[in-house]
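Enquirer: Pulled these from Swiss-Prot:
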| type | residues | note |
| --- | --- | --- |
| REGION | 1-61 | region 'N-terminal domain' |
| TRANSIT | 1-25 | transit peptide |
| BINDING | Gly59, Thr93 | Mg(2+) binding site |
| REPEAT | 62-87 | repeat 'LRR 1' |
| REPEAT | 88-116 | repeat 'LRR 2' |
| REPEAT | 117-141 | repeat 'LRR 3' |
| REPEAT | 142-173 | repeat 'LRR 4' |
Amino acid sequence: MMMFGKISRQLCSLKKIPWSCDSRYFWEWLNTVFNKVDYERLRDVGPDRAASEWLLRCGAKVRYCGHQKWLHDYNTLPGSSIDRYKIQAIDATDSCIMDIGLDHMVGLEHVEKITLCKCHYIEDNCLQRLSQLENLRKSLLELEIIACGNVTDNGVIALRHFRNLKYLFLSDLPGVKDKEYLAQVFKTALPSLELKLNLK
């Protein structure tokens, strides 16, 4: 007890960090915890269930193959026959997904659509990592990236590796500067791609 009191007094004597700064670090730490990959869980329940848990924990929504309804509540995840629920679409609007969690997506084979909107932790390295996932390269048909302020031309260019991509919508990305060059890159790499740019 004496030791705790001594440490407590020392901590109290330190210059206080402003609450907003302190709060920001707390939330960043918590979001990092939410994104941490549990490889044992991944092995035990399979990629679609583990990825569903991760995405919902981070505030995203998922839709399974053969279902119209979006799942957004962690407590409503299907409990039985987890093997038959395959993720077809991901809506990560306002979610805290980040690059350290992307290993959850390695085994996903049926994802056709991803929406990344107002994802503050999505950066170029996240898009580059996503574009390296072989299963996603094959399955992804539609991708929307909206209001992700840390994305630049370098991250967007990596998306050309999604060889079956049919639709790409990019909007409100202040870090993306050369839209003419991007349009040319995608026209060359993915001639059948419908590219919509709403960039300044």
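Keep in mind that glycine also has a Cβ here, set from the backbone N, Cα and C atoms.
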Enquirer: Can you tell me how the residues of the repeat 'LRR 3' (117-141) break down into helix, strand and coil by DSSP?
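Expert: Per-class counts: 13 helix, 2 strand, 10 coil.
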Enquirer: Give me the mean pLDDT over the region 'N-terminal domain' (1-61), rounded to a whole number.
Expert: 71
Enquirer: Sort Thr93 (Mg(2+) binding site) into helix, strand or coil using the DSSP assignment.
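Expert: Coil, per DSSP.
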Enquirer: Quick check on the repeat 'LRR 4' (142-173): DSSP residue counts for helix, strand, coil, in that order please.
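Expert: Counting residues by DSSP class gives 9 helix, 11 strand, 12 coil.
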Enquirer: By DSSP, what is the split of the repeat 'LRR 1' (62-87) into helix, strand and coil residues?
Expert: 6 helix, 5 strand, 15 coil
Enquirer: Could you list the residues of the same chain, at least six apart in sequence, whose Cβ is under 8 A from the Cβ of Thr93 (Mg(2+) binding site)?
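Expert: Counting only residues 6 or more apart in sequence, the Cβ neighbours of Thr93 (Mg(2+) binding site) under 8 Å are Ala60, Lys61, Thr115, Cys117, Lys118, Cys119.
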Enquirer: Over all shown protein chains, what is the count of other CB atoms within 10 A of the CB belonging to Gly59 (Mg(2+) binding site)?
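Expert: The Cβ of Gly59 (Mg(2+) binding site) has 17 Cβ neighbours within 10 Å.
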